[in-house]
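Q: I have a structure here, written as structure tokens, and I will follow up with some questions on it.
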Number of protein chains: 2
Amino acid sequence: MSFLSEKECEGPIKCPVMTTLSVIGGKWKPGILWELQNNEILRFGQLKKRLGTITQKMLTQQLRELETDGIIIRKIYPEVPPRVEYRLSDYGKSLSPVLNEMANWGTGHLQTITSK
Amino acid sequence: MSFLSEKECEGPIKCPVMTTLSVIGGKWKPGILWELQNNEILRFGQLKKRLGTITQKMLTQQLRELETDGIIIRKIYPEVPPRVEYRLSDYGKSLSPVLNEMANWGTGHLQTITSK
DNA sequence: CAGTATCCGAGTGGATACTG
DNA sequence: CAGTATCCACTCGGATACTG
């Protein structure tokens with residue numbers, strides 16, 4: 001992510017919210033995490049389909065970042081054609097309260113803005 | 001925000017998490033909300049000081065967006081020199097579970113990554 | 001004090017083509 | 001199938017100068 005790095009949290013007062021956003025705040029990361037939370041295990045192509053308009057480049061990039069942060073696990077099957085599965089790590093699952101609160105509020109907000 | 005608009009939530013499966021991020025996901029918004037949650041009312045200059053390295057342009061911009069989304073309230077006092085106060089709206093306060101969960105996880109994550 | 005206006009470099013993310 | 005490699009348009013956000 002560009003818009004948030006851990007270093008930038010160092011203001012006069014620290015903001016742990018930024019830390020969280022530096023991990024889940026990528027353009028497609030919420031969607032990826034949401035899907036993996038609801039589906040347990042997904043292949044690259046399945047994720048791509050579910051996310052709709054994401055490009056391969058972006059999907060790969062965001063998945064790599066999540067993997068680097070220890071949020072997801074990437075399992076490669078040595079087959080032809082290749083097969084790669086993604087799932088949340090235990091650490092990644094610790095995000096679920098965060099994601100659920102965000103989804104809650106987001107659902108409400110969506111109703112608020114569409115019903116006026 | 002550029003990296004997330006409500007429209008982009010329209011994939012095959014909707015992701016309400018993205019909706020939330022479209023509101024609080026700006027580069028400085030978490031910090032602003034965090035400060036307003038902890039301090040109730042802050043003037044423009046006070047916010048700027050607390051956020052450390054933010055520029056006037058960015059602070060103004062992010063505040064306007066939060067105001068447009070109904071998250072914060074901007075109160076102008078017709079004085080010289082001018083005085084403007086910001087605080088969370090009731091709707092903005094409904095974000096506190098989200099912010100608190102994010103802060104929780106962020107605090108833990110910060111320890112995780114710094115202690116290895 | 002609390003902005004607005006302008007300029008500009010860096011980074012993001014999309015489209016496309018290619019590969020093991 | 002699941003990537004990697006380029007190219008490029010666009011936007012974000014920082015620096016600076018000016019104002020009611």
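Residue 1 is the first one shown; counting continues down the chain.
Placed from the backbone N, Cα and C atoms, the Cβ positions cover glycine too.
Not measured: the values here are computed from a predicted model.
According to TrEMBL, the record shows the following:
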DOMAIN    B:15-114  domain 'HTH hxlR-type'
Q: Give the residue counts of the domain 'HTH hxlR-type' (B:15-114) per reduced DSSP state, in the order helix, strand, coil.
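A: Residue counts for the domain 'HTH hxlR-type' (B:15-114) by secondary structure: 64 helix, 15 strand, 21 coil.
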Q: For the domain 'HTH hxlR-type' (B:15-114), what is the mean per-residue pLDDT, to the nearest integer?
A: 94
